[in-house]
Amino acid sequence: MIASILPTYNRAPLTFVSGEGSWLTEADGRHFLDLGAGIAVNALGHAHPALVAALTDQAQALWHVSNLYNIPAQQKLADALVDQTFADTVFFTNSGTESCELAVKMARKYWYDKGQPDRTEIITFSGSFHGRSSAGISAAGSEKMTKGFGPLLPGFTHLEFGDHDALQSAVSDKIAAILVEPVQGEGGIRPLPDQCLKGLRDLCDQHGILLIFDEVQCGMGRTGKLFAHEWAGITPDIMMVAKGIGGGFPLGAVLATENAASSMTAGTHGSTYGGNPLACAVGAKVMEIVADDAFLAEVNRKAGHLRQKLEGLVAAHPDVFETVRGSGLMLGLKCKTTNTDVVAAGYAQNILTVPAADNVIRLLPALTITDAEIDEAIKRLDAAATTMTEADA
Ligand SMILES: *Cc1c(COP(=O)(O)O)cnc(C)c1O
């Protein structure tokens, strides 16, 4: 008999009942150190007092009115995003996959309105992840995500990650946009080097192509800048955001320049829940805390500390780990043993990590993790790796 919850997830036998900062309490009382942060969602950890206050204050005033009316919290968050980024305008969604939908629609409508209705093709890369809607899986294109779900949305050219020659020869006057994650998350924490991001910007400028960044996972302070592309000193035309921006409350956004957004006039797109008062009250508070130079400097300092410790961990367990990679507090340990076994060994030591493709385990701690918690995490990962080597011996 089918489970009452559609069985699309292989869940770990863990049930968390409360959380505080980087810690989660299991129903049986065990305390877990959380290096997954709800897959890069709980940017400020669990039950951050400022977010709890923002949510409960809004909950007492007003939950929902729809986008038929002005929403002050939405305006506040949009103004903050426009103020702190390349963007001139913002549309709010409830998830990353919805942000992907709008990014694709916006890029195609842009060219339609420019009198090039056949310019619909969007270039994407292997190992990418853009959500689970039909557009999202069509964009990523992997067999794992798309098999059996056809007919897929047409108009995506899938290129091999890092294949510069293929990219050069794919460019034509049919290309509407290039869509890329500055740091691939699900694909196994694969950063695109700054040089490549700059190269993509140049290529798009030469051919008038729109550049879309998917910063759903790598954005909102995760890499030590508010958005990951800032490290490369370039900007996109359109950017997808979600995960960390809501700090645990469902919220996403599409940011765009005035030019890229020029075709999205009244009636062309919408969302009942998108930019809901509760979500935006929390999102505005997340922005206030994260988009702060002192906060981001701390993220970078702690990221350096964690990375250095992880290099030591890899050196101490050469049979379990191969290398550390990533950016800021978006780090991956490429494993030699099966990554899901390493994650499970972590569960036994009361530490949470998240598997990714390419046999990687992801470390995506709350940006508020402390130095002492980082040291404790390394202790627990070391213990987990030790049990794996013993099991092999
Ligand atoms: C998680 C993720 C998405 C999809 O977000 P959902 O909120 O799960 O729809 C899209 N792109 C990237 C890079 C992601 O990490």
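Placed from the backbone N, Cα and C atoms, the Cβ positions cover glycine too.
As annotated by TrEMBL, pyridoxal 5'-phosphate binding site applies to G96, T97, F129, D214, E215, V216, Q217, T272. Look at TrEMBL and you will find R132, S271 tagged as N(2)-acetyl-L-ornithine binding site. The N6-(pyridoxal phosphate)lysine feature in TrEMBL is assigned to K243.
For ligand 1, the neighbouring binding-site residues among F129, D214, V216, T272 are F129, D214, V216, by Cβ distance under 6 Å. Considering only the recorded positions G96, E215, Q217, K243, S271 (N(2)-acetyl-L-ornithine binding site) has G96 as its nearest partner by CA-CA distance. Our reading of the pyridoxal 5'-phosphate binding annotation (G96, T97, F129, D214, E215, V216, Q217, T272) yields a largest Cα to Cα distance of 25 angstrom. In this structure, the binding-site residues T97, Q217, S271, T272 were compared by how many other Cβ atoms lie within 10 Å of their Cβ, and the smallest count belongs to T272. The two recorded residues E215 (pyridoxal 5'-phosphate binding site) and R132 (N(2)-acetyl-L-ornithine binding site) have their Cα atoms spaced 16 Å from each other. Annotation note: G96 (pyridoxal 5'-phosphate binding site) sits in a helical segment as assigned by DSSP. Each of the recorded positions R132, K243 was ranked by the number of other C-beta atoms within 10 Å, and first place falls to K243.
The separation of the residue listed as 'N6-(pyridoxal phosphate)lysine' from V216 (pyridoxal 5'-phosphate binding site), Cα to Cα, is 6 Å.
A 10 Å radius around the C-alpha of K243 (N6-(pyridoxal phosphate)lysine) takes in these binding-site residues out of G96, D214, Q217, in sequence order: G96, Q217. Using R132 (N(2)-acetyl-L-ornithine binding site) as the reference Cα, a 10 A cut-off selects G96, T97 from the binding-site residues G96, T97, D214, Q217, T272.
F129 (pyridoxal 5'-phosphate binding site) falls within neither a helix nor a strand when secondary structure is assigned with DSSP, and so counts as coil.
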